[in-house]
Amino acid sequence: MSQKILAINSGSSSLKFKLYELPDQTVLANGHVDRIGQRNSTFTFEIHGKQNVQAEAMKDHLAAIQAVVNGLLTSHVIEHKSEIVAVGHRISHGGRFYTHPVRIDAAVKAKIKELSVLSPLHNPVNLAGIEALEKILPEAQEVATFDTSFHATIPAKAYMYGLPYSYFEDHDIRRYGFHGPSHEYVTLKARELFGEQQTHRMITCHLGNGASLCAELDGKSVNSSMGFTPLAGLLMGTRSGDIDPEIIPFIEERFHLSSEDVRKVLNQDSGLLGLSGISNDVRDLSEAAHEGNSRAQLALDVYVHQIQQYIGAYTTDLDGLDTLVFTAGVGEHSAIVRQAVCAQLGYLGVKLDEAKNQANALSIEAPDSQVKVAVIPTDEESIIARDIIQVLGLN
Ligand code: ADP
């Protein structure tokens, strides 16, 4: 029986997975579990292009991973659990400790737990995924791919905050950057497709529920809009992104909020949802704006403006721009957002081909554009799979 590896990408209430067969890394199955912890959880998986959706309550990540493994067994993608020899997990925060993927052992788990202080919404969930896997597949080896690792090349001038130096020295308060596997995947893909010269100065825009921009020189991250945590930078689906820090004590005092309350406001009640009062989903907002809803239009305007501002700032880091990449849910599918962002980038020589943009084509710039504009579907799981193979020497 051939060896298989499983890439797990767990978020706070969702989990994506892909099962690969070695040595060719053929994708045997992929899918996602949504609304973990709620009564209406769904488990969607695709095998040989055939989609299967099951609805059942999954109270935690253990139940979700159990559903994934059961699904693989009952659909005969695997006949026995022992065929899965290794599992890779995407871990949010690696702090200053992990600039590369590592094999997971007790010490690594302890560090991930310790780093939960820096990523309270994500690291505990990631750890829950690891522990669930250990219960369900006790024989499988495990590897951690950190969201922060790709950004280990950001220089000090871009990762330091203007705070007392001891906060950095003694408490590791600095910019880290996130969405590493996604930025890395589209970077590798763009460099493969367009060559090194055309991708010398590149900005990758990961626009999903969470969103971040990354500035890259020769494929190496030199800046990220996310910071100490994934709350920083752009306004996102429900996250505020950057705000004047003085707003925090102000709302704490004005509304008698605890720091936990403020964290909820900034992470769950803000962003596109907070501004529009309608939805965190760009599809809903585009539709509502089209029907004349001014709050939906405002939310989209602010979102687009912030992306433009970061692109402007990053062209200074890069001293120009050769390629702009859009990825993740919004980046891959919203021609409206891409068009609106690029409409203000004429000064960089960015010019779109509107028909190609509407078609979500791989390359959407006009022939006379000075900058390549690409739409590259992300594949974080393939980076996790690559890391499993490299760290464990499985090839
Ligand atoms: P996550 O960050 O949870 O992985 P995704 O990358 O899947 O999220 O992005 C989810 C977001 O993508 C949705 O909230 C929605 O705003 C957006 N999206 C998905 N499809 C479309 C579409 N066809 N048009 C516009 N936006 C879309």
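Just so it is clear, glycine is given a Cβ too, placed from its N, Cα and C backbone atoms.
TrEMBL: automatically predicted annotations, no manual curation.
Per TrEMBL, the features are:
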type: BINDING; residues: Asn9, Glu380; note: Mg(2+) binding site
type: BINDING; residues: Lys16, His206, Leu207, Gly208, Asn209, Gly210, Asp281, Val282, Arg283, Gly329, Val330, Gly331, Glu332, His333; note: ATP binding site
type: BINDING; residues: Arg90; note: substrate binding site
type: ACT_SITE; residues: Asp147; note: active site, proton donor/acceptor
type: SITE; residues: His179; note: site 'Transition state stabilizer'
type: SITE; residues: Arg239; note: site 'Transition state stabilizer'
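All features noted in TrEMBL, drawn onto the structure.
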residue: Asn9; record: Mg(2+) binding site; DSSP class: strand
residue: Lys16; record: ATP binding site; DSSP class: strand
residue: Asp147; record: active site, proton donor/acceptor; DSSP class: coil
residue: His179; record: site 'Transition state stabilizer'; DSSP class: coil
residue: Arg239; record: site 'Transition state stabilizer'; DSSP class: coil
residue: Asp281; record: ATP binding site; DSSP class: coil
residue: Val330; record: ATP binding site; DSSP class: helix
residue: Glu380; record: Mg(2+) binding site; DSSP class: helix
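It is Asp147 that, of the recorded positions Asp147, Asp281, Glu332, Glu380, has its Cβ surrounded by the most other Cβ atoms within 10 Å. Taken in sequence order, the recorded positions Lys16, Leu207, Asn209, Arg239, Val330 that lie near ligand 1, meaning a CB under 6 Å from one of its atoms, are Asn209, Val330. In sequence order, Asp147, His206, Gly210, Ser212, Cys214, Ser224, Met226, Pro230 are the residues near His179 (site 'Transition state stabilizer'), counting only same-chain partners six or more apart with C-beta under 8 A. Least packed by the Cβ count within 10 Å, out of the recorded positions Lys16, Arg90, Arg239, Arg283, is Arg283. Considering only the residues assigned to ATP binding, Lys16, His206, Leu207, Gly208, Asn209, Gly210, Asp281, Val282, Arg283, Gly329, Val330, Gly331, Glu332, His333, the longest pairwise Cα distance works out to 21 Å. When the recorded positions Asn9, Arg90, Arg239, Glu380 are compared by Cα distance to Arg283 (ATP binding site), the shortest distance belongs to Arg239. In the three-state DSSP classification, Asn209 (ATP binding site) falls within coil.
Taking a C-beta cut-off of under 8 Å and a sequence gap of six or more, Asn209 (ATP binding site) has these contacts in its own chain: Met236, Gly237, Thr238, Asn280, Gly329.
Checking each of the recorded positions Asn9, Arg90, Arg239 against Lys16 (ATP binding site) by C-alpha distance, the shortest gap belongs to Asn9.
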